[in-house]
Amino acid sequence: MSKGTPSMGKRNKKTHIACRRCGSISYHARHKVCSACGFGRTSKLRSYKWTTKRSKIPTH
C-alpha cells in the first residue's frame with residue numbers, strides 16, 4: 001500500500017451525505033450518524049461549549 005499522491009486518486013466515494021435534520025453534508029452514510037447535529041446518535045441536538053467563542057475575561 002502506497003501513500004501520497006497515488007492514493008489520493010482512490011478517494012471517489014461519498015463518506016458524508018446531506019443530513020435529514022440539519023441539512024448539512026455531515027451525515028455519515030456508513031455510520032448513520034451526523035457529525036454536525038448528532039442525528040442518529042441522540043434525539044438531543046449536538047452542542048459543545050468549545051464550539052462557541054467565549055467573551056474575553058478582563059484581567060485587570
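All residue numbers here begin at 1 and follow the chain in the order shown.
Note: Cβ is positioned from N, Cα and C throughout, glycine not excepted.
The Zn(2+) binding site annotation in Swiss-Prot covers Cys19, Cys22, Cys34, Cys37. All protein chains considered, the CB of Cys19 (Zn(2+) binding site) has 20 other CB atoms within 10 Å. DSSP classifies Cys19 (Zn(2+) binding site) as coil under the three-state reduction.
Summarising the annotation, Swiss-Prot assigns zinc finger to 19-37. Counting same-chain residues at least six beyond the ends of the zinc finger (19-37), those with a Cβ under 8 angstroms from any Cβ of the stretch are 45-46.
Its own atom aside, the Cβ of Cys37 (Zn(2+) binding site) has 21 Cβ atoms within 10 angstroms in the protein chains shown. With a cut-off of 8 Å between CB atoms and residues at least 6 apart in sequence, the same chain places Cys19, Arg21, Cys22, Ser24, Ser26, Tyr27, His28, Gly40, Arg41, Arg46 near Cys34 (Zn(2+) binding site), listed in sequence order. Highlighted in sequence order, Arg20, Arg21, Gly23, Ser24, Ser26, Tyr27, Ser35, Ala36, Gly38, Phe39, Arg46 have their Cβ within 8 Å of the centre of the Cβ atoms of Cys19, Cys22, Cys34, Cys37, the residues recorded for Zn(2+), and are not part of that set. Look at Cys34 (Zn(2+) binding site): DSSP puts it in a strand.
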